[in-house]
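What TrEMBL says about this protein:
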- Glu184: active site, proton donor/acceptor (ACT_SITE)
- Glu260: active site, nucleophile (ACT_SITE)
- 41-335: domain 'Glycosyl hydrolase family 59 catalytic' (DOMAIN)
- 343-458: domain 'Glycosyl hydrolase family 59 central' (DOMAIN)
- 494-668: domain 'Glycosyl hydrolase family 59 C-terminal lectin' (DOMAIN)
- 1-20: signal peptide (SIGNAL)
Amino acid sequence: FDIGMEWPVAVLAVWSVTSALSLCSPNYYVLDDGAGLGRVFDGVGGLSGGGATSRLLVNYEEPYRGQILDYLFKPNFGASLHILKVEIGGDAQTTDGTEPSHMHYENDENYFRGYEWWLMKEAKKRNPNITLIGLPWAFPGWVGHGKNWPYDFPDITAAYVVNWILGAKQYHDLDIQYVGIWNERNYDSKYIKMLRYTLDKNDLEGVRIIASDNLWEPIALSLLLDPELSTAVDVIGAHYPGTTTVPDALKTQKALWSSEDYSTFNDEVGGGCWARILNQNYINGLMTATISWNLVASYYDKLPFGRDGLMTAEEPWSGNYVVESPIWITAHTTQFTQPGWTYLQTVGHLAQGGSYVSLTDGKGNLTVVIETMTHNHSVCVRPPLPKFNVTSQNATFQLKGSFVSIKELHVWRSQFNFKTKKPVFFEKQTPLTVMNGSFTLNLAEDEVYTLTTITTGQKGSYPDPPPSACFPKVYKDDFNVRNPPFSEAPDFADQTGVFEYYNNLTDPGPHTFTLRQVLTERPITWATDADQTISVIGDYEWENLTVTCDVFMESVRTGGVFIAARVDKGGQSIRSTNGIFFWVFADGTYKVTNDLAGQAVLAEGQSGTRAYGWHTLSLTVTGPLASGMLNGYPLWKNAVVLNPKNGWAAIGTHSFELAQFDNFAIVAQ
């Protein structure tokens, strides 16, 4: 019985009935609720955040933005997700960018920053029953009182998180059902207890805690040893568990979730990864929810983990998006089950490889999902996948218990067809007649089937979106938006720091509306970020271009800002990025460097720039030569730049400091 991996000991007992039948007749499987049921199903979800992964989605124009949202959330249409998990923005780099906090500073609260509020509301419009989860990946610097650690003052951190939950309800009428606890050191029991206390004190007894939203251990053992901690925690969440759990987690009797999973390029192999783990997370590890990082690949492709979403929407300037295979693989489960359904005990692996799960609503409905993904066509980015074999096979299923009277099952099939490279996803088949409670399927390699009594499934569709197109070669933004729908300017992707629309009410002149970098101290983050703040924009393939921007420094003597071209790295690699960086400083100097860190100096000298005055910077790069202008006059020219050959445009500051930008423009060749 080649299952390709070890089963947890406690899980083996759950399928003892199925295993015994399989030993007698390896192609015969019973679907029965007569001996009781398995665990309650909590749903399938997507994760927006952990690095600004929905950044470009908000810049799509209608109708394309609404279409993308329908493919993700609309019931009986596309992925029909049951769960949306979002980042509680912490002003910090957390993989592909930064998301703004609701509290940049201790005495500052604003519940309209960022786009997660909007995304949750759009999800709720389409599915009022969707489960909402918030998780902080990082925190503003003030939370740590000078340390890069948020849990030395658990009351402060708990209040910060609870304020976000209260703000979601007060300002957006959003009920957050779960909040997660995660950091690279796993968890802090004092903080978990304080969070539970603070939630209850604010009449949020219904908000449940996922801990540690990271690893099975040591939290599982701690829950067994600490009754107070066990009372505070509702769900143990693991990231990328490889479909398995640990004995202590099972002993806690807590709900077990794969609270972050997949993280794989969304081609057909990525779809195969998703198909395999959606079934086997429960079969091997009794995990009742699986959440994909990320929800939608809506960030610049050359950032880390490009196209690791359930679908791709990375071109708001063209309107193009791509409905990738994981959307339809998700539909095989989500369109025919709901949270609150229950797994049968009769689930497991197929004799010649692959797996099947079966669920019921307890009212006579049955859904069976079968996958036969082969090893090389279902590899996830992590963890490593042990070898296993899958071959074509016939599988006979016998319905027993309350399902014995079922006469017909609706059938939906996906065929990856790796040999012909002509996949067919989520195709409705002729209903299957059940004879004497039995039916047989001929299962080929790399297929997914749903067999169900549910009749409402649908493969939703829209007319093809506009064709893919490169970022415009001529681009301008004066940031003159009186009431912006989002705090971020279109297409700017903050990598370190937070750049927000700013309405300077004291300046009725030409720079009333600007883009402002608002952080004055480094946030608390596990990721590698930079000492400088930077926001990238444009086409990574750009080589020759001119970048122009008005800049305004707000730090006397110590202030500094830059514009840049050919920026070659982002995300967690931002600290080591190279490019051409044109800096001016409040002490009256300038510098041109080949790196963001400012160490590889190409030119430097006097500029006469000062804080609290507007200056216009212009950077032109052509082949190996770069030149710069200040306020319309040449300041330096013909700096030799051999590498990098291409990259994004960017703006930023010398440190975490207040500074403003206006009249940004690009002309690329």
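Note: Cβ is positioned from N, Cα and C throughout, glycine not excepted.
Within the model, the domain 'Glycosyl hydrolase family 59 central' (343-458) shows a mean pLDDT value of 98, rounded to a whole number.
Secondary structure of the domain 'Glycosyl hydrolase family 59 central' (343-458) per DSSP (helix as H, G, I; strand as E, B; remaining residues coil): 6 helix, 51 strand, 59 coil. Other Cβ atoms within 10 Å of the Cβ of the residue listed as 'active site, nucleophile', summed over all protein chains shown, number 25.
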